[in-house]
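Taken from Swiss-Prot, the feature disulfide bond applies to 1-16, 8-20, 15-26, supported by similarity to another entry. What Swiss-Prot lists as cysteine amide is 26, and the listing cites experimental evidence.
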């Protein structure tokens, strides 16, 4: 899946779970 283990934000993300962790990573 795309974006796993990479930084993300609430406005822009592409994580497996579709959300960002509190640490700002997928």
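These residue numbers are counts, starting from 1, taken along the chain as shown.
Glycine is no exception: its Cβ is also placed from the backbone N, Cα and C atoms.
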Between residue 8 (disulfide bond) and residue 26 (disulfide bond), the C-alpha gap once rounded to whole angstrom: 6
For residue 26 (disulfide bond), the number of other Cβ atoms found within 10 Å of its own Cβ: 20
